[in-house]
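Below is one structure, written out as structure tokens; the observations come after it.
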């Protein structure tokens with residue numbers, strides 16, 4: 001099985017979790033503390049764009 005990356009972080013408890021963990025509860029909430037405000041984690045790689 002392919003390991004799923006952790007994409008979201010809770011603004012209250014600070015835990016990171018994946019979308020599949022978030023789908024356990026109805027609606028968009030933290031699966032650990034049931035808080036509604038979550039943030040998507042940015043990717044660690046830098047996107048380079050050539051200058052025009």
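Note: Cβ is positioned from N, Cα and C throughout, glycine not excepted.
The Zn(2+) binding site feature in Swiss-Prot is assigned to 13, 30, 33; the stated evidence is sequence analysis.
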CB contacts under 8 angstroms to residue 13 (Zn(2+) binding site), restricted to the same chain and 6+ apart in sequence, sorted by sequence, are 30, 32, 33, 35
Pick from 30, 33: which of these binding-site residues has the biggest number of other Cβ atoms within 10 Å of its Cβ? 30
